[in-house]
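Below you'll find the structure, written out as structure tokens, and then a few comments.
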């Protein structure tokens, strides 16, 4: 073959290879286009892999999970019918408290992306329990955590994550803009209540299934505020308590009945010389009991109980085992406010069992440290300080904070009674520690009628952080 023939032969071979390669590329493009058309036609929208999406269709929750298999998204669906959380059962009989969750948020936040929070609380649907919390629009160990000791700011939001997990941007969902909040599930959807705005004109925004359904305007123009724990649902209606007025004197208190996110009824309590803040509410035999904070003049806790028509009764826990902080040493109680060390206070809870009461309280009488559960078999109505059970939760040498109640309905647990539970906030940072921030983690316990143990489950983070030095 002469040189010209060799050149022609090599050129022909290259041209054939090029044509074949071009045809393969065209075929590949057509294949990808057809595959994409089929996929989007079936799913209607592109979704990220390994993500769970919940949609609401005709009163049925549809759980959709996309699973990544060989770069192809396959959609699996499992429909879960909604229920009505009746709340008609009585509280389960219990002999003690079993540890349920601990998020270790501050320890994890020294190195990971964890929100600066306060006022965490837990609420359960018939499918899951979630931790709700008020963020400060900042992460731990970051410059924006500076000054987060402040209670009310436009940066605070209500968010939630699965119970027991540290609250981070990666596992949390936004619920509402709020510096005071509550949330609960009626068996069909989540109701959230978020209060934000100026002290002299704040507004509570009600959302149902994530959509704004109603609002409540401050009626006394003096820091409208709500529970900082779960609202309570009975037979499709949910109930919450709000306060508006002075934190150190007579204020105004209202109960709200809410159905599918809309206020259907409210009543203002006729409660002279009473002070209700940050109520912890739970259903029991079709009615609601709330145990609250007296920030004015009581070192024992006020309560209000009401039926679904908002017909109510009010009182104070009579026990000489006092539940607030600060408080005097245990002694003789009163069915009205106990005045010694009665000013200021802390959010807390109790569970009523007939004439008896489980009282949760800090171990210290004057600082937010330690926590214990006490069973006073006559404490709801009797004024002595005799009790029969004390269970340690946090040692007096470790910080605690707010505490509150939540319940697990029979639709979740499968038992024929309402399980009482509680959470404890473990506050760290300012004003007691040398940091630029204030935040907290949380633990929770549920009542059982079997073996339990007392111990100390503290926050456990070593401070200060890098940002504080």
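The backbone N, Cα and C atoms fix where each Cβ goes, and this holds for glycine too.
The shown structure was predicted, so the numbers you read here are calculated from the model rather than taken from an experiment.
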Substrate site partner of 118, 152, 277, 278, 368 according to Swiss-Prot, chosen from 173, 293, 301, 327, is 293
In Swiss-Prot, the residues 294, 298 are said to bind Ca(2+). Which of 324, 330 is said to bind at that same site?
324
What range among 7-27, 28-48 does Swiss-Prot record as transmembrane segment?
7-27
With a radius of 8 angstroms around the mean position of the C-beta atoms of 294, 298, 324, what other residues of the same chain does the Ca(2+) site pick up?
275, 293, 295, 296, 297, 299, 300, 301, 302, 316, 337, 338, 342, 345
Cα of residue 146 (N-linked glycosylation site) to Cα of residue 298 (Ca(2+) binding site), in Å and rounded, measures 33
Round to a whole number and give the Cα-to-Cα distance in Å for the pair residue 324 (Ca(2+) binding site) and residue 235 (N-linked glycosylation site).
32
Using DSSP reduced to three states, classify residue 298 (Ca(2+) binding site) as helix, strand or coil.
coil
Name the one residue among 88, 235, 386 whose Cα is closest in three-dimensional space to that of residue 298 (Ca(2+) binding site); these are the glycosylation sites.
386
Closest by Cα to residue 235 (N-linked glycosylation site), out of the recorded positions 88, 294, 386, is 88
